[in-house]
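Below you'll find the structure, written out as C-alpha cells, and then a few comments.
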Ligand code: GRF
C-alpha cells in the first residue's frame, strides 16, 4: 500500500525538493506526496510542487481571527488526504497544542540546529555569536513545546571562524537535505520507531556525505 505524506511549507521549499527527489529515486519507497499546503500564496515551494504534479493548497493564516481557527482549517485540509505522516518543511507557524495532539507520532519537523540548542529563529547567527564549534540540523517529532520533541536524526557541521550566517546556513541546509529523506524513509518503512517518547532505530543509518556524525543505534531491550 502506498503511504502518503502531506508537506506543510511557508517558503523556498528546498526540503520539499529533497523529499520529492527521494520519493522519485526510490530512497523513500512506496510513498507519495499527497499534497503540499502553504500558509503563504507566494511560497516558491508551491511552484516546485505544481511542477511535479502534486496538489497544492494555500491556507492564509491572515484570513483567520485566531491561531486556533487557522489550525482547525489546516487540520481539516490535511485530514482530507489521510496522510501517514505530516511533514513540516519550513512551515513558519507555531501550532496549537490541539493541532499537535491530533497527530501523535505522525507530525515531524526539521529544525536548523542541534536541538535542544538554539530553538526558535536565527539559529545560524546565534550559533556564530555563541562561538560553538559544531552546529547542524535535527529532524524531530513535534510536541506542543516549540522546537522540542524526540529527535529522530541529527547532522552536525563544523563552524568555521570565517563563517557568516549565510555560509553556515548553506552548510547546514546541505545536511538537512540528506537527513530529512533518511528520517522519512526510516519512519515509513518501520526501521525507526517512536516508543514511549523515545526514538529507536533498528538498523544503522547510512552515513551522510556532508555531515560529521550520525546518531547512535539503539535497540529497545
Ligand atoms: C530550513 O532551514 C528548515 O530547517 C527550517 O526552515 C528552512 C526551510 O527551508 N525549518 P526550505 O523552505 O525547505 O528551503
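Cβ coordinates are placed from backbone N, Cα and C, and glycine is handled just like the others.
Curation does not apply to TrEMBL; its annotations are automatic.
These figures come from a predicted structure and were not determined experimentally.
Feature annotations, reproduced from TrEMBL:
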type     : residues   : note
DOMAIN   : 3-184      : domain 'Formyl transferase N-terminal'
BINDING  : 13, 14, 15 : N(1)-(5-phospho-beta-D-ribosyl)glycinamide binding site
BINDING  : 67, 109    : (6R)-10-formyltetrahydrofolate binding site
ACT_SITE : 111        : active site, proton donor
SITE     : 147        : site 'Raises pKa of active site His'
Check: What Cα-Cα separation, expressed in whole Å, is found between residue 15 (N(1)-(5-phospho-beta-D-ribosyl)glycinamide binding site) and residue 109 ((6R)-10-formyltetrahydrofolate binding site)?
Finding: 11
Margin query: Quick check for you: of the recorded positions 13, 14, 147, which have their Cα within 10 Å of the Cα of residue 109 ((6R)-10-formyltetrahydrofolate binding site)?
Written below: 147
Next item on the list: Look up residue 109 ((6R)-10-formyltetrahydrofolate binding site) in the DSSP assignment and report helix, strand or coil.
Entry: strand
Note to self: I need the CA-to-CA distance for residue 147 (site 'Raises pKa of active site His') versus residue 14 (N(1)-(5-phospho-beta-D-ribosyl)glycinamide binding site), whole Å please.
What the structure shows: 20
Notebook entry, point to check: Taking the recorded positions 14, 15, 67, 147, which residues show a Cβ-atom distance to ligand 1 below 6 Å?
Noted result: 14, 15
Checklist line | Local Cβ density at residue 15 (N(1)-(5-phospho-beta-D-ribosyl)glycinamide binding site) - other Cβ atoms counted within 10 Å | finding: 24
Next item on the list: For residue 13 (N(1)-(5-phospho-beta-D-ribosyl)glycinamide binding site) and residue 111 (active site, proton donor), determine the Cα separation and express it in whole Å.
Entry: 14
Next item on the list: Give the distance between the Cα atoms of residue 14 (N(1)-(5-phospho-beta-D-ribosyl)glycinamide binding site) and residue 111 (active site, proton donor), rounded to the nearest whole Å.
Entry: 13
Checklist line | Model confidence over the domain 'Formyl transferase N-terminal' (3-184) (mean pLDDT, whole number) | finding: 97
Next item on the list: Check the binding-site residues 14, 109 for other C-beta atoms within 10 angstroms of each C-beta and report the one with the most.
Entry: 109
Check: Where residue 67 ((6R)-10-formyltetrahydrofolate binding site) and residue 111 (active site, proton donor) are concerned, what is their Cα separation in Å, rounded?
Finding: 21
